[in-house]
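Trainee: Taken from TrEMBL, the feature domain 'Acyltransferase 3' covers 6-338. Residues or ranges marked as transmembrane segment by TrEMBL: 12-30, 42-59, 80-102, 122-143, 155-171, 183-203, 215-233, 253-273, 285-304, 324-350.
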């Protein structure tokens, strides 16, 4: 395993910015805003596959030599502790009377909190819904420890990518896990996510990320990816469930070929843009602590975005795409700044809450 790649940490930071943006414009979309619906669909066409792919890129394959005890301890410290802490903290705010948006539970009575606790224990964190991705990583990393030895060659990796994508797509096409109440630690998402995770491992193995390229070549490749995403994301018309967009949490990704095409192009776009950006240690540090920023994002998702979107919808002409984009970008910049400051404080004073590793700020 080669040393840490700074541009990949920058890409991880850009990925979390996309999450903040997507979860703000979706609240505007719920107010019957067509411009928000289009931007939401664009972001959602690739932003969660990007997270799985980047998780594969930063995965250290030497961990497969660790025993089960070490692996389980790592998952407990790095996944389950942050999950438990940040999945439940928003519930404390709600109990204290802070108004919030909790779409899967009714918190008007004690029964809602009990239902939320049960849901969280099953891997669907009702009090911090964005943490579903962290829950899925628990199942995914256990799966990879179990079968990761199969992917010793790149040919085997490609076969695994195709096989798990087909398995995940087929299962979720046939089974509606939400309707059947079958969600258990996001296991239904894991095959799809694992396909992108293995893709990230393949990219890292290839050495492409360590090579030197001209700025012009990287910029042209990024432009090609941007054009590809923009031309294909709206061609994916389903089949979907609940919302007419890609939502990996639901296991609904639409067209079996257009989805991976757009997802891979969008993932490449973010990685290439990160490569074009200056190697700022501050951004790379924030990318390295993305997990904590992701956990804190749930507070904005549940308590800030809905009233903010309602204000934007009444005070600004957000039916115009560029106005929506600019106003959302400003709001996201402020939200990310607050979350980043909180994440840095946690890293300094209580690193155990964010996975147990203290990373030195630049």
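Easy rule for this one: first residue shown is 1, then count along the chain.
Any Cβ shown, glycine's included, is placed from N, Cα and C.
What does the local environment look like for each feature on the list?
Mentor: Under 8 Å from some Cβ of the transmembrane segment (12-30) lie the Cβ atoms of residues 36-37, 39-40, 43-44, 47, 50-51, 54, 58, 101, 130, 270, 273-274, 283-284, 286-288, 290, 293-294, 297, 300-301, 305-306, 308-310, 312-313, 318, 324, 328-329, 331-332, 335-336, 339, all in the same chain and six or more residues away from its ends.
Panel annotation: around the transmembrane segment (80-102), residues 27, 112-113, 116-117, 120, 125-128, 131, 134-135, 138, 291-292, 295-296, 298-299, 301-303, 305-306, 352-356 of the same chain, lying at least six beyond its termini, place a Cβ under 8 Å from a Cβ of the stretch.
Same-chain residues lying 6+ beyond the ends of the transmembrane segment (155-171) with a Cβ under 8 Å from its Cβ atoms: 188-195, 198-199, 201-202, 205, 251, 253, 256, 260.
Counting only same-chain residues 6+ beyond the ends of the transmembrane segment (324-350), those with a CB under 8 A from a CB of the stretch are 16-17, 20-21, 24-25, 28, 33, 35-36, 39, 286, 289, 292-293, 296-297, 299-300, 304, 308, 312, 316, 318, 358-359, 361.
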Trainee: Report, as numbers and ranges, which residues of the same chain sit near the transmembrane segment (42-59): CB under 8 Å and 6 or more residues beyond its ends.
Mentor: 4-5, 8, 11-12, 15, 18-19, 21-22, 25, 133, 137, 140, 144, 193-194, 196-204, 209, 229-230, 232-234, 236, 245-249, 259-260, 262-267, 269-270
Trainee: Does the transmembrane segment (122-143) make contact with the transmembrane segment (285-304) through 3 or more Cβ pairs under 8 Å, each pair 6 or more apart in sequence?
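Mentor: Taking Cβ pairs at least 6 residues apart, the transmembrane segment (285-304) and the transmembrane segment (122-143) are in contact, with 3 or more under 8 Å.
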